[in-house]
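What TrEMBL records for this protein:
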type	residues	note
TRANSMEM	12-32	transmembrane segment
TRANSMEM	44-65	transmembrane segment
TRANSMEM	77-97	transmembrane segment
TRANSMEM	109-130	transmembrane segment
TRANSMEM	137-160	transmembrane segment
TRANSMEM	166-183	transmembrane segment
TRANSMEM	203-224	transmembrane segment
TRANSMEM	244-264	transmembrane segment
TRANSMEM	276-296	transmembrane segment
TRANSMEM	316-334	transmembrane segment
TRANSMEM	341-357	transmembrane segment
TRANSMEM	369-390	transmembrane segment
Amino acid sequence: MAKFKAFWEDNLIFGLATLLAGLFNYLYHVVLAHVLGPRLYGDLATFLNVTTFMVIPASVVTLIYTRMGKDEGHNVYLQSLGLWAGGLSLWGVIWIARQTLAHLFDVNPTLLVVFTAEVVPSLALAANVGMLQRGRWYLWVGLLGVLNTGFRVIAAGGALWSGYRLTAVGILEGIAAWVTWYVSRVMTTHVPLKGEQTSSGVIMGTAIVGIINVLFALVDGLAAKYALSPIAAGQYTGLATIGHSLQFVSGSLGTVMLTAILADPIHRYRYAAMTVGMYGILAAIGEWLFTVYGHNLVLMVLGKSFFPVVPWLAEYGWGMICLGLLNMAMLYSVAQRRWEVILTTGIGLLYWIWALVHDHTLGRFVISTTHIMFAIMCITVIAMAVTQVFEMRLKVRPQT
């Protein structure tokens with residue numbers, strides 16, 4: 001009973017912190033969507049998506065350290081050196097490719113460099129978050145998320161008074177990233193050692209899951225900037241800002257499930273069932289809000305210029321619910337080494353990208369996203385069920 005009590009406490013603490021961070025994130029987008037309008041808001045989303053794309057390794061690092069825990073000895077210095085070198089290298093890539101990327105996405109190259117400066121401490125921050133999660137110190141993990149998103153709201157406030165709105169936001173966001181890293185560094189000094197030897201195969205599988213997970217969250221925004229007009233791309237980005245909140249919820253629930261299963265693998269099915277049940281309730285509430293109060297949500301979060309997305313919000317919400325379930329399936333696969341999930345989600349991701357770059361209207365983007373996410377979810381569930389039955393038969397066969 002104590003283990004399940006800890007599971008619910010972790011979900012409550014991390015869930016409340018995630019909710020507060022999500023509210024700050026909404027406030028960030030509310031301020032900027034109203035101040036900037038669809039055109040500049042689309043540029044902002046492009047900068048954020050490129051930054052997210054460049055810090056894909058950060059999600060991999062977080063998952064790896066969540067699985068391995070805090071290390072000790074000479075390895076710590078080497079790992080730290082590698083993380084900082086990686087962060088600087090990622091930013092260096094942006095410097096080198098800034099003109100090409102700016103031309104591809106029709107944005108300012110200097111602003112692209114400014115916004116992506118936060119990638120430098122990203123890998124070190126991700127490692128610290130992973131250590132905290134492995135120790136199940138979710139109060140501190142949640143505080144980090146709240147701190148970071150709170151600083152982003154302050155950064156958004158820079159757009160209200162500055163003549164160089166996007167520049168001010170980019171500089172302030174970079175400062176927020178460095179402050180968050182420093183706080184996380186102080187926190188991890190108190191985390192107990194809980195390292196374990198992890199095979200290269202598990203690390204590779206974890207890395208692939210992290211990459212797929214991040215790509216699912218951002219490729220539609222980048223594809224919209226590529227395939228749609230600037231106004232339509234900005235409107236779709238606004239739609240995604242609201243819709244991805246459903247998928248965002250699955251992140252905190254899935255992370256708690258992952259660490260609970262790692263600590264107590266015998267009860268993995270119970271943890272998974274409780275997690276899916278909680279997500280189902282929250283997702284149903286979110287979809288109800290999208291369906292009944294979609295007009296009010298768009299007006300409050302994005303503004304009148306985003307009204308064209310209102311008819312698509314409910315349908316897009318179903319796609320994001322499916323994506324949230326896929327996120328949890330991928331985190332379960334990390335805990336249990338169920339690599340069939342990597343195959344189904346990886347192929348599905350590639351097909352989704354192909355479909356989006358061939359769609360040229362906001363409506364087609366929504367339809368493709370929802371239908372493809374539902375199909376990937378169904379195929380993934382079937383693959384997991386078939387694999388489970390096959391493994392059970394292998395265990396029973398020697399006894400017959």
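Cβ coordinates are placed from backbone N, Cα and C, and glycine is handled just like the others.
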Positions whose Cβ lies under 8 angstroms from the transmembrane segment (341-357), at least six residues beyond its ends: 205, 208-209, 212, 215-216, 219-220, 223-224, 226-227, 326, 329-330, 332-333, 365, 368-369, 372-373, 375-376, 379-380, 383-384
Beyond the flanks of the transmembrane segment (276-296) by at least 6 residues, Cβ under 8 Å: 11, 242-243, 245-246, 249-250, 253, 307, 310, 313-314, 316-318, 321, 324-325, 328
Tertiary contacts of the transmembrane segment (203-224), as residues 6+ beyond its ends and Cβ separation under 8 Å: 45-46, 49-50, 52-53, 56-57, 59-64, 67, 105, 232-233, 236-237, 240, 244, 247, 323, 326-327, 330-331, 333-334, 337, 339, 341-342, 345-346, 349, 352-353, 356-357, 365, 369
Stretch with greatest number of CB pairs under 8 Å, the transmembrane segment (109-130) reference, 44-65, 77-97, 166-183, 244-264 candidates: 44-65
Maximum Cβ pairs under 8 Å to the transmembrane segment (166-183) - stretch from the list 44-65, 77-97, 244-264: 44-65
Chain residues outside the transmembrane segment (44-65) and at least six past its termini with a C-beta under 8 angstroms from it: 32, 36, 83, 86, 90-91, 93-94, 101, 105, 107, 111-112, 115-116, 118-119, 122-123, 125-127, 129-131, 133-134, 166, 169-170, 198, 203, 206-207, 209-211, 213-215, 217-218, 221-222, 225, 233-234, 237, 241, 334
